[in-house]
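Residues annotated as Mg(2+) binding site in Swiss-Prot: D79, D121, K122, E451. The [2Fe-2S] cluster binding site feature in Swiss-Prot is assigned to C120, C193; the stated evidence is sequence analysis. Swiss-Prot lists K122 with the feature N6-carboxylysine. Taken from Swiss-Prot, the feature active site, proton acceptor covers S477, and the record attributes it to sequence analysis.
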Amino acid sequence: MMRSDEIKKGYNRAPHRSLLRATGLKDEDFDKPFIGVANSFIELIPGHYFLNKVAEVIKNEIRANGCVPFEFNTIGVDDGIAMGHDGMLYSLPSREIIANSIETVMNAHKLDAMIAIPNCDKIVPGMIMGALRVDVPTVFVSGGPMAAGHMDDGTPIDLATVFEGVGEYEAGEITEETLAEMECNACPSGGSCSGMFTANSMNTLMEAMGIALPGNGTILALTPERTELYKKAARRICEIAKSEAAEREKFRMRNILNENAVRNAFAVDMAMGGSSNTVLHMLAIAKEAEVDFNLEDINMISKRVSHIAKISPSLTTVHMEDINTAGGVSSVMHEMHKRGDDILIDNPTITGESLYERIKDARILDTNIIHTIDNPFSEVGGLAILYGNLAEQGAVIKTAGITGDRAFTGTAVCFDSQDEAIEGILSGKVKAGNVVVIRYEGPKGGPGMQEMLSPTSLIMGMGLGDKVALITDGRFSGATRGASIGHVSPEAAEGGLIGLLEDGDEIHLDVDNYILEAKLTFEEIAERKDKFKPVVKPLKSKWLRQYRALVTNASNGAVLEAE
């Protein structure tokens, strides 16, 4: 029996079949599995504007393999376009809408299985979260990464180059013509932005989790190789959907994305220096999978796993196409396996192979791009969780992106919003030796936990990247580099110490010892708490008010929880 029989079998389902016939179904179709094709086509996003054509390829392959496809769409937000204005308030909340929409369509219509087509930003984790709720066999196949851009002299560039170029222009380091050259060359094609930013980090981690096919994270969009990957994914979901019930059970989403899959995802994240946003999203995914996983587990993995692949923004000359040419994610995992427990190789994957079977023949083809385990970029992973009185519940730093010292002590310069911070940086308020504090930008305080790419890019572009640190209860773009610490929990809106800081306070961070603290006495903190009144930003948006009321803090993945 198929799940879809609930809407298509029996005399009492004649009205249901009548409606389905109106969409073009014939008698013979009611004996076939119904496959949801969860697309995220939107013309605004470079990684998504071509996904309508991708869906046609996939649907044709599904029909050719004896199943019935039903395409539906989720929404999408382009973080790059939403950056630097109040549009960014909607980015993280869109993850919840996407998850809800997947759950709604799949469960309302009792579809048997799903193939999901995400690519960028919050769309990937949102679709994964929704798929975990539905818990039917699901294959993920992303649109694919964008090719790197190049300046006229051949220097590789990407979107992060342009954001930092704005800071360089503000500082008088480059001309308007050079900035225009960056603008016109950074994004040369469709696809998810070409570095190891959030989109490509998540698309890569799906390979580690076993829910996508090999090559998902690195094969370029709009290439024949990518088209073949779409077809393979479509064929695979049909094989599963047409199999016996016991076989289908093996490939339910939660049977693939289990605790070991979550641990493998974080291990690969550490090895490849993924975006700090992966912490937020993987914590949320773990909650949907009912996997017990927390920030302390991340540090344990980080201490164990070496960083062996460095990609833009951490290494600006290397992009996803280079990782693909050097052997792809499978070669990274194969190299990690040489040290034993870095990767859990017995876990199942959606292709029916164990992870070991998937990676056993993979090899690094260019050790200048993907290093060996004996010659890592760093002996520890590319992300770390810091603790201290400023982050009692944790804060996240992308250690792979640090350009200066790994320990820093400086004086606080405090801003109650990202806009205030940008104005302060541009006006010269931020000096070498400062710690820029941007607060009331957390999940509740923002609300929506804005990305701080504009202030971090200005800091880098103005030559302060290794001279200042930045801490925030907001988050960062995957394109951020430097001593940037986000996800500070508890956030200012919850009464966290970040909200009590004052200009001139001494702040100390030590990445290697996982410390983030303000040099304040217990008495000073208690006195400030007595006087503290959190800033509550006025909101016209009904959706953002709902979000603020339900969202948890970053240490919980910023998921929504109702009473």
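Each Cβ is built from the backbone N, Cα and C atoms, and glycine gets one as well.
This view paints the features noted in Swiss-Prot onto the structure.
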| residue | record | DSSP class |
| --- | --- | --- |
| D79 | Mg(2+) binding site | helix |
| C120 | [2Fe-2S] cluster binding site | coil |
| C193 | [2Fe-2S] cluster binding site | coil |
| E451 | Mg(2+) binding site | strand |
| S477 | active site, proton acceptor | coil |
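Proximity to the residue listed as 'active site, proton acceptor', judged by a C-alpha distance within 10 Å, picks out D79, E451 from the binding-site residues D79, C120, C193, E451. With the fewest other C-beta atoms within 10 Å around its C-beta, D79 stands out among the binding-site residues D79, D121, E451. When the binding-site residues D79, K122, E451 are compared by Cα distance to C193 ([2Fe-2S] cluster binding site), the shortest distance belongs to D79. The CA atom of E451 (Mg(2+) binding site) is located 15 Å away from the CA atom of C120 ([2Fe-2S] cluster binding site). Other residues of the chain with a Cβ within 8 Å of the Cβ centroid of D79, D121, K122, E451, the Mg(2+) site, are V77, D78, A82, M88, S91, L92, C120, T198, N277, S477. Residue pair D79 (Mg(2+) binding site) / C120 ([2Fe-2S] cluster binding site) shows a Cα separation of 9 Å. Spatially close to K122 (Mg(2+) binding site) yet at least six residues away along the chain are G76, V77, D79, S91, L92, S94, R95, I98, H281, judged by Cβ distances under 8 angstroms.
Annotation for C120 ([2Fe-2S] cluster binding site): same-chain Cβ neighbours under 8 Å, separated by at least 6 residues, are I45, P46, G47, H48, G76, D78, D79, G143, S192, C193, A199.
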